[in-house]
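These notes are about the structure you will find just below.
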Amino acid sequence: EQVGDRSTGTRVVAGQIFHESEESDSHTEDDESFRSPEEEKESMLEELNSLEMSNLLNKNLEDVEIQKPVLTAIGGTADSEPCHFPFLFLEKEYAECTADGREDGRLWCATTYDYKRDQKWGFCETEEQSNKRRQMQEAEDVYQTGMKIFNESSKKAQKKEAYQYLLKAADMNHTKAMEKVSYALLFGDYLKQNIQSAKELFEKLTEEGSPKGQTRVAAGYRYWGGIGVLQSCESALTHYRLVANHVASDISLTGGTVVQRIRLADEVENPGMASGMLEEDLIQYYQFLAEKGDVQAQVGLGQLHLHGGRGVEQNHQRAFEYFNQAANAGNSHAMAFLGKLYSEGSDIIPQSNETALQYFKKAADMGNPVGQSGLGMAYLYGRGVPVNYELALKYFQKAAEQGWVDGQLQLGSMYYNGIGVKRDYKQALKYFNLASQGGHILAFYNLAQMHATGTGVMRSCHTAVELFKNVCERGRWSERLMTAYNSYKDGDSNAAVVQYLLLAEQGYEVAQSNAAFILDQKEASIVGENETYPQALLHWNRAASQGYTVARIKLGDYHFYGFGTDVDYETAFIHYRLASEQQHSAQAMFNLGYMHEKGLGIKQDIHLAKRFYDMAAEASPDAQVPVFLALCKLGIVYSLQYVRETNIREIVSHLDMDQLLGPEWDLYLMTIIALLLGTVIAYRQRQHQAILRPVGLRPAVPQQEPPPEHQPPQ
């Protein structure tokens, strides 16, 4: 606040004419603006305490002031003299440099206590520093304008407009704007993809220092897998735990955005397989049903818009509208979710514990587990009601009995912390495990903490890392998976592969396999021809290490055919065997059968080949036809091999046909030959008559005739 001077006229303030009309209209009394030395000392000590400088707390004010960095005035009437803090200006004390009284906004200070009496002053910054500070303030304003437009709009055109503001702020060296613009240029989001410009921006950010949570996730993954560094479970645990703490703290009552993990290879291999995405026509059909009053459609659409995912964008306003319609129709599930929305609050729905409690009670009275869990939360944390652990435990148990994961999670937390019940780690572990089966991210987090510290279970670094990794991969940056998928479906493989490659470095197995798939199909033009297969091989290998069967088979294929590496049948055999033994892959079993049949990478063995072919047919119904053909071929090969190894003349010389078929075997043979010959002649005559038959009335032509080569004879 600025304190106005009641005197009239104009005067010189810090080297600039200061007019009465330019003063601020806000005024405070002397007893409010002036702080006594004791108050000043208390304020100083509080500030030092916040910086954890406890060793200064017992020193007197004079000693503390000595520790403050000394600012030297630049120019003015007291050049090179130290600034005096506090100094008195317009009946107000200033403990730091100020721009009050100056139209150009430059910071200045007085070098004596009373500026009005002594007129001793100087600038706290050079003109260049002042210009830079004002430029950064302008850049911040532009950045905030862009972010406001981006966050408040759902249309792509408006988001593109927002990025024009961010682009302008980035040109003014605004760090956060540069981060967003660099990723937009890299991925082709709202700005045209430009890898070179993105690279230059990233290099600039690296020089200035711009740490991101993704880098720590990538570090955790590298230590976990021993990629480029010495493998260390404990180091991986440290990195993953730090990021998992941040992700877990960001989880709200309604949960985060749902992320679909779609593998491109699975979509191609199994076109009919459900990917989890909803087609636009199906969404419109549900919307039609909801408008007609279908309560189940209203609740389903409400949940889709609440969490996002499956091709539906997160939208709390739409979620509220659908839940409200269903709640008015008496649906308990909708009432419970309205309670969640009011309990948490947002820009759309104002936070209200009272309203949330009403909806939770209505839903709970109807036996709804979501409402029961909501009431439990209210009594546990005292939201609109007095804290009552006994009632909280009661409602959580009711919700947990119906399989609701929130109830199971909270029961686990109460047993773990001994809240309202006796501390029991075994019970906590039981409920956390149940909640994790329902996919609750906080259940994974709590289990990871227990395994990391050995609380209630034997300590396991490996298990803890896997659980923390699961939590980290559900952070906000995981939404990039859907952005990459949408880019690929829109035909922009370059943008998709860049996004997948970035997520692949953070350890996302789906991103690794999808990046490898795009490279394998040679759909990314930004990757050089000579680098396509080696890069694909690298990411197939990483995905296979995380248990993806298709990736393991692809590794075998690459070594079998020599894609991105030398032909190596033995290594190919090893990968197929791993896929067969660990994941029971029918494809791997079939390939092993073929390699045994041909003796590739292993000694030829017809019997083992048949065994693996039979195992493939048992493992998958889809393999039965190719296995049948392979076995027929194998039978012929086996017969030829037997004939080749046997002396035919010796067999014929010892063969007695009279003893084998009877004394009249030659008559039987001639009869069979005559019958076969007659059949062939009759068939040929029938065909000849069909060709010479005169054209008569023909039946009506069907709507779609078969191709000429497949038409029946006239």
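Cβ atoms here come from the backbone N, Cα and C positions, even for glycine.
Automatic, uncurated: that is what TrEMBL annotation is.
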Member of Cys83, Cys97 annotated by TrEMBL as disulfide partner of Cys124: Cys97
Cysteine from Cys83, Cys233 that TrEMBL links to Cys109 by a disulfide bond: Cys83
Whole-number Å value for how far Cys109 (disulfide bond) lies from Cys124 (disulfide bond) (Cα to Cα): 6
Alpha-carbon distance [Cys109 (disulfide bond); Cys97 (disulfide bond)] in Å: 5
The domain 'Fibronectin type-II' (78-126): DSSP-derived helix, strand, coil residue counts: 4 helix, 15 strand, 30 coil
PLDDT averaged over the residues of the domain 'Fibronectin type-II' (78-126): 90
Under 8 Å by Cβ from Cys109 (disulfide bond), same chain, sequence gap 6 or more: Leu71, Ala73, Cys83, His84, Phe85, Phe87, Tyr94, Glu96, Cys97, Thr98, Trp121, Gly122, Cys124
